[in-house]
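Okay, structure first, notes after.
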Amino acid sequence: MRTWSNFNLQNSASPLMEQIIFFHDHTLIILIMITILVGYIMINLFFNKFINRFFLVGQMIELIWTVLPAITLIFIALPSLRLLYLLDELNNPLITLKTIGHQWYWSYEYSDFNNIEFDSYMIASNELPLNNFRLLDVDNRIILPMNNQIRILVTATDVIHSWTIPSLGVKVDANPGRLNQTNFFINRPGIFYGQCSEICGANHSFMPIVIESISIKNFINWINNYSY
């Protein structure tokens, strides 16, 4: 999601998103170095008049332009593979949240607790308070505790959706008849916004996601109050 006067990724709210940002910066530096090097060589070749009519085969230079790109790809691939395995690793989740995509809203079930399930609809612009975000706020937010491992089970009832929270580095497809899962760890309190990231029909743009991260003590109080 773009924000006003900002060309960077959103501020991280989870360790995995921090790793994604580090990898993005790492890859971008390598791409900038390659662009500068290739541009410098092309400009030099364009403006000089050196010609070698007898240079037909050069095993050394062929070896160099084969080995150097291979080493560069290794420097990109190794951190990428490490990050891919980290994103799929699941360590003893404290809470499991089931997310169900519908046309065009989300419903949530806290599977570890009784009688905690609700639908989450976007708040219409004419009903939106002045301090809320247009097309991003919902009537029922997801309440989750920070500094705890959270597991998300994602599915859909009609068409393919995608449950996405950029600041947590989470994007999971919601497929009818299939249960996908992911996990994340929220390391600070706050409100984090996301949207459906798979075109799913006429009102695809009106499927926001809002997570409110609170302390474990406040979360237990919320659970107790909601149960009654």
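FYI, residue positions are counted from 1 along the chain as it appears here.
Even glycines carry a Cβ here, placed using N, Cα and C.
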*Among His102, His161 - the residue Swiss-Prot places in the same Cu cation A1 site as Cys196, Cys200, Met207*: His161
*Mind checking which residues of the chain, 6+ beyond the ends of the transmembrane segment (27-48), have their Cβ under 8 Å from one of its Cβ atoms?*
72, 75-76
*Report the member of Cys196, Cys200, Met207 (the binding-site residues) whose C-beta atom has the most other C-beta atoms within 10 angstroms.*
Met207
_Most Cβ neighbours within 10 Å: which of the binding-site residues His161, His204 is it?_
His161
